[in-house]
Amino acid sequence: MSTYLIKDAKVLGGDAQDVLIRDGLIAGIGAGLTAEDATVVDAAGQILLPGLVDLHTHLREPGREDAETVATGANAAALGGFTAVHAMANTDPVADTAGTVEQVWRLGQESGRCDVHPVGAVTVGLEGKRLAELGAMADSAARVRVFSDDGKCVDDAVIMRRALEYVKAFDGVVAQHAQEPRLTEGAQMNEGTVSGELGLRGWPAVAEESIIARDVLLTAHVGSRLHVCHVSTAGSVEILRWAKSKGWNVTAEVTPHHLLLTDELVRSYDPVYKVNPPLRTAADVTALREALADGTIDAVATDHAPHPSEDKDCEWAVAAMGMLGLETALSIVQETMVDTGLLDWAGVADRMSTRPADIGRLDGHGRPIAVGEPANLVLVDPGARRTVEPSELASRSRNTPYAGLVLPGRVVATFLRGEPTVIDGKLA
Amino acid sequence: MKRHLISAADLTRDDAILILDTAEELAHIAERPIKKLPTLRGRTVVNLFFEDSTRTRISFEAAAKRLSADVINFSAKGSSVSKGESLKDTALTLQAMGADAVVIRHHASGAPHRLAGSGWLRGSVVNAGDGTHEHPTQALLDAFTMRRRLAGGRGDLEGRRITLVGDVLHSRVARSNVLLLATLGAEVTLVAPPTLLPIGVETWPCTVSYDLDAPLPKSDAVMMLRVQRERMNAAFFPTEREYSRRYGLDLRRMAMLPEHAIVMHPGPMNRGMEIAAEVADSTRSTIVEQVTNGVSVRMAVLYLLLGGNEPALSAPSTTGTEEIAK
């Protein structure tokens with residue numbers, strides 16, 4: 001195995017130190033380290049973080065390999081600084097059996113760029129009617145611990161209760177896509193002043209908040225673990241804050257795009273901004289940033305949702321929902337949280353690595369940067385600026401809302417178990 | 001004026017007045033034995049209709065033909081669109097065929113905006129109704145009708161009180177009318193049950209009432225919006241009977257209007273539901289006039305968007321259309 005010596009890196013944004021990587025582990029940390037057999041990486045001015053962990057990625061394989069494959073998604077993840085991602089279950093076929101989750105897991109292993117942890121569906125076919133074989137998926141080679149019908153809400157309270165109860169047997173977590181279906185029938189964007197003016201059917205905040213309120217109560221009732229996907233409203237934040245104050249085992253994530261973009265952008269009718277949950281108001285964005293800073297929201301998750309151009313280069317009503325996220329997530333978090341003073345780099349490491357790894361019960365990721373720990377690491381140049389050029393993305397799709405924008409920060413290198421998956425900003 | 005007409009908000013007061021004045025000039029064409037001008041000779045106007053609308057399509061077709069444009073009617077039904085062709089590919093086809101203007105009716109809000117802003121087409125785009133968003137030429141023809149009846153066909157509608165009643169939530173006509181009438185200085189009141197008003201309506205340039213009787217005595221015009229019966233299942237109101245009692249315009253309510261006030265409806269009407277048959281057929285009703293005026297207004301819009309920069313009727317045919325339509 002290789003040996004690398006990272007020189008003068010600011011560990012978690014702190015003082016510059018050298019970090020020696022040998023045999024897949026962190027072998028030394030300190031000033032003035034030397035190692036004759038090591039490849040030296042000059043990291044002056046750069047920040048070293050634990051490899052990022054995404055709780056919410058859509059890799060589209062099996063079924064929509066024209067949009068993304070596990071391999072192309074893993075490449076995008078590595079370039080974004082991720083060493084582990086959770087692949088959502090809404091593939092075709094749905095990842096609701098041990099066989100399908102093992103297939104996705106093995107494809108991730110073969111990619112070599114990133115650990116891919118499949119999310120298992122909560123219900124068969126995401127239909128919300130019968131529990132999928134959660135135990136079989138947990139016992140499979142993929143060792144599934146996160147279960148979600150993401151894309152759809154588990155809206156039947158009894159099914160949700162049973163799922164929360166059942167996953168306790170293997171320390172699983174139910175990740176809920178909180179969307180009351182009747183309140184959001186035909187919904188196209190955030191319900192508010194802009195939807196009223198544009199004549200687009202609204203997706204009201206209360207449709208998210210009412211499900212979260214119900215689910216935190218169910219979680220408390222059965223004593224299980226709930227994770228709330230892509231929180232998007234100020235009201236949801238208040239409910240989570242209350243649930244956490246009660247000591248209930250509830251966690252939540254926010255996407256980078258909900259930390260930056262607002263529903264005002266929909267005035268362009270450009271489907272690149274069509275996403276579920278929808279872009280909300282500036283007041284919601286402020287509340288989400290504050291909640292991520294104070295820990296009410298535990299993690300940043302990309303909700304990376306690749307779509308081919310024919311599904312986006314069309315009129316708003318028929319366009320697919322979702323946007324890319326893996327390759328821009330860290331830059332958006334830097335812009336919205338670090339450069340605004342809301343979070344330091346240690347906080348970024350917590351929200352984008354430690355906490356998501358803990359929620360997903362991953363052993364080798366989200367670990368401290370310390371001797372003996374797995375060398376899953378990312379080097380970031382916070383002073384760099386880059387213009388997002390869709391044609392240069394590693395994802396198979398191009399549906400990024402940041403095309404042409406200049407974003408702060410650049411992932412210089414990513415290490416997966418001591419081997420670089422990205423070096424000098426390019427795939428190794 | 002801008003190159004496209006997508007929203008009533010695209011129009012400044014001067015733009016709107018120019019269109020209405022031009023329409024006033026062009027209205028006289030209908031009184032001639034030969035109802036035709038050479039103004040848009042050699043130009044191609046495509047009526048691109050993804051949604052059924054005989055009334056609006058014929059109105060645009062008549063308008064374009066009276067200006068001597070070549071008209072192509074493209075209906076999504078039975079076309080390549082029904083075989084799955086995208087809006088983009090349809091637009092590229094029209095571009096390749098040299099369309100100078102595309103009049104689009106679409107069931108999706110924002111489709112004309114997308115067509116105009118995407119770079120798929122070089123010609124002008126006219127919104128002939130998109131989803132529940134806007135229908136700007138309907139608002140223009142309504143304003144034209146009000147101006148003729150209330151202001152002698154001149155100027156703006158400063159200080160006129162207009163009441164719009166009914167399903168505002170799903171009405172593209174209401175959205176465009178509120179925007180245009182506010183631009184023209186009118187005071188607009190929307191009347192509807194709370195379930196049929198959009199979120200954020202308080203930010204619109206109008207006042208809102210749940211009570212129809214209150215604004216009627218001060219209204220110069222009352223415009224009834226069609227109740228879409230297919231929405232009954234969505235619990236927007238309890239029964240047709242209750243809706244009709246609370247928000248329908250019957251003879252009793254019409255009697256509350258000032259003597260000069262007019263009754264409008266963009267059609268098609270549900271007689272006996274939002275409007276009583278006696279009201280629809282009364283002398284105060286402008287419903288048929290609105291249809292007639294629609295042709296004049298759409299002539300004006302096409303003429304001005306396609307380069308007309310002189311009074312429409314002063315364009316001598318001997319100079320050719322090229323000089324007029326720069």
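Going from the start of the chain as shown, residues are counted 1 onward.
Using the three backbone atoms N, Cα and C, a Cβ is placed for every residue, glycine included.
Whatever TrEMBL says is automated annotation, not expert-curated.
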For the carbamoyl phosphate site that TrEMBL gives as B:R55, B:T56, B:H135, B:Q138, B:G267, B:P268, the extra residue out of B:R13, B:R105, B:R229, B:R241 is B:R105
According to DSSP, B:R105 (carbamoyl phosphate binding site) sits in strand
CB neighbours within 10 A of B:R105 (carbamoyl phosphate binding site), counting all protein chains shown, number 24
What subset of the binding-site residues B:R55, B:T56, B:R105, B:Q138, B:R226 has a Cβ positioned less than 8 Å from a Cβ of chain A? none
CB contacts for B:T56 (carbamoyl phosphate binding site) [other CB atoms within 10 A, all chains]: 23
Helix, strand or coil by DSSP: which one applies to B:G267 (carbamoyl phosphate binding site)? coil
If you measure from the CA of B:R226 (L-aspartate binding site) out to 10 Å, which binding-site residues from the list B:R55, B:R105, B:Q138, B:G267, B:P268 are inside that radius? B:G267, B:P268
Max CA-CA distance, Å, over listed carbamoyl phosphate-binding residues B:R55, B:T56, B:R105, B:H135, B:Q138, B:G267, B:P268: 16
Candidates B:R55, B:T56, B:H135, B:P268 (binding-site residues); nearest Cα to B:R172 (L-aspartate binding site) turns out to be B:H135
Other C-beta atoms within 10 angstroms of the C-beta of B:P268 (carbamoyl phosphate binding site) total 10
Secondary structure content of the domain 'Aspartate/ornithine carbamoyltransferase carbamoyl-P binding' (B:3-147), with strand meaning DSSP E or B: 68 helix, 27 strand, 50 coil
